[in-house]
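**Student:** One structure coming up, written as structure tokens, with questions to follow.
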Amino acid sequence: MAGGAVEEIVRRAGGCAVIDGGFATQLEALGADINDPLWSAACLITKPHLIKEVHMQYLEAGADVIISSSYQATIPGFLARGLRLEEAEGLLRTSVELALQARDEFWKSTLRKSKPVYNRALVAASIGSYGAYLADGSEYSGSYGEDITTEKLKDFHRRRLQVLGSAGPDLIAFEAIPNIMEAQALVELLEEENIQVPSWICFSSVDGKHLCSGESFADCLRILNTSDKVAIVGVNCTPPQFIEGIIRELKKQTKKAIAVYPNSGEVWDGRAKRWLPAECFGHKSFDVLVKRWQEAGASLIGGCCRTTPSTIRAVSRILKGRTAYTASHQI
Ligand SMILES: C[S+](C)CC[C@H](N)C(=O)O
Ligand SMILES: N[C@@H](CCS)C(=O)O
Ligand SMILES: [Zn+2]
């Protein structure tokens, strides 16, 4: 399968590729209002130019992989907003196109520079969990209620996966998956739809030892290991202090490449819709932890919510051993 692009970017990055940082976080920093059922995906309707700007800022910071704005972009979510089906599907494609445009424009501009220090980045199409769509806090508990089945989850994810998969991304990034039932649904769906774009499936954890649901990584990895369509596994939107232990656990359970992109350590209050202060150290700790994550076995490292381009600039500098990138490139 087409996992070659991932191996290539990891190799070109010097053994560990850099993923971008908090996408929604940086949209907010640029003035977007994402207090919305669609969360960061609301900007696909209201402020698409900001989406491209955020991608550009992460590319400048040194990201080898940028993640599209589709985390909470769902067809039912857009329909509930009064959009027609064609418009909803069009916005999903737009999310990938904006990232591809940013990647191509940025790459062209760096080729003109005498001393290129960047790689041609890959674009990962983001797919958030069913719980992210529900926006009721269940993306961090994995509790979807008794009526939810693997088949229902497959039906929820099917059309978005088809549309995003055919929009030209280099990867599909399933982000912050909270339970095994959803992982099982995704593995089956990738097979049923015969998706040719390599995928990563990343989980979130609130205790550093289990998925958010309380289920074990070992049980979960047994399912993911059966799929050739899943090129990368990992963890995202999880406090930095838990990451090293999770990498070591994943390493025991799989031969697949491992991606980690923790949040700042702040905790999302799904009901109040706000971030609560970090219980331990925050994104500044990435400076000391990144090398340890690489040594523990991660081959893609970045940041998730509440991390910023400056976090990613530091990650890139540490992993690639290059002088800090200057943010001189204008869009
Ligand atoms: C990763 S959480 C901060 C995403 C936002 C959540 N699904 C919500 O809509 O409230
Ligand atoms: N990539 C997502 C967050 C995943 S938790 C976004 O920022 O839109
Ligand atoms: Zn996040």
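Cβ coordinates are placed from backbone N, Cα and C, and glycine is handled just like the others.
Predicted automatically and left uncurated, TrEMBL annotations should be read as such.
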**Student:** For the Zn(2+) site that TrEMBL gives with Cys304, Cys305, which of Cys237, Cys280 also belongs there?
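**Tutor:** Given Cys304, Cys305 bind Zn(2+) in TrEMBL, the matching entry from Cys237, Cys280 is Cys237.
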**Student:** Can you check how the pLDDT averages out over the domain 'Hcy-binding' (5-319)?
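**Tutor:** Here the mean pLDDT over the domain 'Hcy-binding' (5-319) amounts to 96.
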**Student:** With every protein chain in view, how many other Cβ atoms are within 10 Å of the Cβ of Cys305 (Zn(2+) binding site)?
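**Tutor:** So the number of other Cβ atoms within 10 Å of Cys305 (Zn(2+) binding site) is 21.
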**Student:** When you measure from the Cβ of Cys304 (Zn(2+) binding site), how many other Cβ atoms are you left with inside 10 Å?
**Tutor:** 28
